[in-house]
Amino acid sequence: MVVNRYNNHMGSRNTSNAIEKEEKANSQKLDLASIFPAKGDPRRPPEWFSRALLYTAIGVFVAWFAYSSWGKISYIVLDIVIALFVSLAVEPVVEMLIRHGWKRGIAAVTCLVGLIIIILVLLFLFGNMFVNQLISMVSGLPDLYRDIAATLQSSFHVQLPQISDLSSEIMKNIKTSWVTDFAGQAVSTTVSVAGGLIDLVTALMVAFYISVAGPKLRRSLCQWMAPTTQRKFILGWSIVQDQISGFLFSRSILAALSATFMSVFLIVIKVPYWLPLALFCGLVSQFVPTIGTYIGGALPVLFAWGDRGIWYAVGVVVFITCYQQIENFIFAPKVSQRTMDLNPCVAFLAVLVFGSIFGALGAFLALPITASLQVLFKVYTKRYELIDVPLMNDPVPTKKSNLVQGAEALTGQMAKHMPPRAAKGSSSKVTFDDRIRALQRAAYDLPNDSKSAGESQNMEDAATVAIPKKKAAAAQTTTGLQGLQDNPPAAAPRRGQHGRGRVSSKLGQ
């Protein structure tokens, strides 16, 4: 018995020693399971870790590719952006033709060809006149400079440099730079013109393909998304399309009206070069925010002053001021009522940033891009109630000065006799049609409250009236997707029982 116990003990001891040696040897080997642990293994990283690595690798590759190859593909990207904007701008017209029985391909071709024909007709009618007046205007700049210098010298005793000094300096630069590189400049200009034509044809072809694809393109993109993501994607697409098409349409109409009225006025007062001056004023006043009106009107004022006298320049200033008021109160509310205006500071900075990065075309497209981003930001982000602190509001006036009382009385009298007008779009209000409201309800599972929607529509279509600030703040609510309004959200809980106050929480989800 003792011998058996001793043998068993020694056997178990030898077995344990062998197991320990085997474990020690295995610990020194490469464990593939630790590198690729199976599901359920505690050593396995979280589920999001692999996706994070993949996204990081993709981001690094895209950043490196953009940094190293952007100079080679920038013109292609720019052509695609232009084509996308053109296709989105003509999409409402294409859909209107489709509703009347047209095929999508024929409707897209008709819209693009019609746009080209309109441009060619305008060039045929006014192109020669524009070029001749532009050449005459440039050649007449020395005489204009002399007239303005003489007026400043006689009236304000301001001495400007002599035109001969400026011309000699200009000629010196011409001799040192242009003459030596004339052949290179000619070749570069020819290549630039040819490249511009190729870019134009490329943009039109891509715009045609995007417009013809239409729903097929959206289906191709949405088939890789979950149903909830598809609804949100279609909602964002619809908002961006409405903003871009409405913005370009409204700004083009307002620019045409401004140029037309300015050209008629310049013809009446017999200011030369009326066509380039009117076009410059119309385009700059509409597509350069905040200071565009003053920049666009400065050139007609300058030429009216130099050619006709200072009183004609004053007349141009008065005309621009009066027309600006007519545009703000009559034309813009009717043409721009479905588009979103930006904060002037944001719009001005957007033009500067996009212009410095992408040039003149970037400055032209800065406003619709920024407006679309602002709408998408309001649609897809959650907003909270504001805390009650003094910095959130202006201080309450303790006493009004006589000047303020007089201005308020004058404003009240003017508002009393002014007819109601349609509400102009602002940075806190966007008008959407029933189609986009239906997409909003589908994307965020909002209740189909037709009564609330009807009341909101009636409020949006109603005439603008003067409402005291405190009463307006108490009556308005944060409506989120339904109205995209920047109103004080403190009143939201009172209407949350009816279904519309829950929109902000839906957005956060």
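Every residue number used here counts from 1 along the chain in the order it is shown.
Every residue, even glycine, has its Cβ placed from backbone N, Cα and C.
On a predicted model such as this, the values are computed, not experimentally measured, just so you know.
Taken straight from TrEMBL:
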type	residues	note
COMPBIAS	449-459	compositional bias 'Polar residues'
COMPBIAS	462-479	compositional bias 'Low complexity'
REGION	446-509	region 'Disordered'
TRANSMEM	48-67	transmembrane segment
TRANSMEM	73-94	transmembrane segment
TRANSMEM	106-131	transmembrane segment
TRANSMEM	186-210	transmembrane segment
TRANSMEM	253-271	transmembrane segment
TRANSMEM	277-302	transmembrane segment
TRANSMEM	309-326	transmembrane segment
TRANSMEM	346-377	transmembrane segment
What same-chain residues lie close to the transmembrane segment (48-67): Cβ under 8 Å, and 6 or more beyond its ends?
none
Is it true that the transmembrane segment (346-377) and the transmembrane segment (106-131) have 3 or more Cβ pairs under 8 Å, skipping pairs fewer than 6 apart in sequence?
no
Could you tell me what the rest of the chain brings near the transmembrane segment (277-302), counting residues at least six beyond its ends with Cβ under 8 Å?
130, 137, 144, 148, 251, 254-260, 262-263, 266, 271, 313, 316-317, 320, 324, 342, 344-345, 347-348, 351, 363-364, 367
